[in-house]
Every structure is written in structure tokens, then in C-alpha cells.
Amino acid sequence: MEPSLLMWGFFTFTMIPGCMAGACVQQPPSLRNATFKILGYKVGTTLNCDCQRGFRRDPSSGPYMICRGNSSHSFWENKCQCMPTSSPRIPVKQVTPRPEEQKERKTTETQGQMQPPNQANLPGHCKEPPPWEHESLKRVYHFMEGQTVRYQCLPGFRDGSAQNNSAQSVCKKQEDQEVMRWTQPKLKCKSEKENGSFPEPQMSTAAPPTTKTSLPTRTKGTTDSQNLTEVPATMQPIIFTTQYQLAVAGCVLLLLSILLLSGLTWQRRR
């Protein structure tokens, strides 16, 4: 092994554990149908300088970036750089992510970390570190004690926990333990379609109103040019019953009989 690699391994072995003291090695908890955002990174937070497939970290840069400073001024120390893994003489082909990598990236963007568009200048905190060329699809942080992340439900979901401070997780030392762990957030994102949030339209059971038409009636002493008074009248259909038809037929027969008798009487008188 080359002496430079041995020295670099010794540096990594001696420096990184000191930087990781009092830090949460694991990433914040993942919640279903939710994402988390970070308003600022506490001083001492580190970010691994990971590269995409086909690239590796440039030996001239450090293995990670670290947030340095104090309550009045803070900044990211070191810059991550990636270089091709192949020889510089051979042109490097652009590596197309495999389907599983694209799926992993989509899942990370949906359920992973979401940065607010405008980060506040919190005392003793660094903003989101700048990106570097050919960096890995997923960033790996090592958060310090007291770091807080806040969760929120994805669009189409709402918080059903009904508890205060249920949407945050804090990096803190557990009781009777020396390691740092994240507290479990109690946020429960439920679909907005549950519990009748979107009521279905109900069918009306009321009877339809009676259809009425307004017939104009002319009042006494008015002309055609004057307003007509509208009187509501209910239109009822005319029904010819059997009794009515028999009465009409009887009247017709009686009239014919009278005419016939009158004709006979008139002939006899002649």
C-alpha cells in the first residue's frame, strides 16, 4: 500500500471519530406519506462527499464537508470534488442510471428530505451546502445533538395524530445510553378522503312542486296596452267518463225523436 494511502487512512481513523462524537449516525426516521425539512444545520454537522456511479472522490478534497462557526457566523468547510474512475485519456461515457436507481431517486425525492425554498439564518446553523458536480443522488449527513427536523404530510394527506409537536424529531442522547438517536415523530398522515372529508352528493327526496301556469285575465276598464293581471290557475285534464257519454247519447236520441214526431205531425195536417 502506498504511503499516501496509509497516511490518509490514519487521518480518517483519527479525525472522523472525533467529529462524530455527539452525533446521530443514523438518518432521521422515514414516515409514510410524509417528508421532512431542515431549517438549518447545527455547527458540527458533517456531509459525506459521495459521488455518482463511475466517479470517485478527488483525493485532493476531504472525505466530508463540516459546518463550522459560532452563534454569529457559520459556514461549510471543505469542498467536495468528484473525478472519473477511469483513466483521463479514455473518454468517460455518461452513465445512465439503471431503473432501480431511478426508482430509488424518485422515492428519496418523495419521502426523503425536502428543503424549504428560503432557509432562515438561524444562529449557530449552516444553510444547505452547495451541490458539486457528479455528486451522489442521496446525501448522507451526520447530525449533531439538538438537531431538529420537521415533518409534513404530502399533498392529499393530513395529520390525524391530533398531538402537539407530533411533526418533529430531535437528535438527542437516550436515557442510560451513550449513543445519540432520533426521537420518533408521532405524525400520522391519513388520506383526506377518509372519514367523509369529501361527502357524496345526496339525492333529494322532496316531492316536485305542482306545475302551475299563469293565465292573463283582463280587468274591467283596462285596455290592451295596459298591464294584464296574472291569476294562477291549475290546469286539470278533461276526463270523459262513461256516464257522461251515455247522457250525451240520450240527449241526441231525444232530439232525433222530437224531430221525427214533428215531421210526422206536419205531414198529417197537410
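Every residue gets a Cβ built from N, Cα and C, even glycine.
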C153: disulphide-bonded cysteine as recorded in Swiss-Prot, out of C80, C82, C189: C189
Of the recorded positions listed as N33, C49, C51, the one whose CA lies nearest the CA of N70 (N-linked glycosylation site): C49
Using Cα positions only, nearest of the recorded positions to C126 (disulfide bond) (N33, C80, C82, C153, C189): C80
Spatial neighbours of C171 (disulfide bond) among the recorded positions C24, N33, C49, C67 [C-alpha, 10 Å]: C24
Whole-number Å value for how far C49 (disulfide bond) lies from C153 (disulfide bond) (Cα to Cα): 30
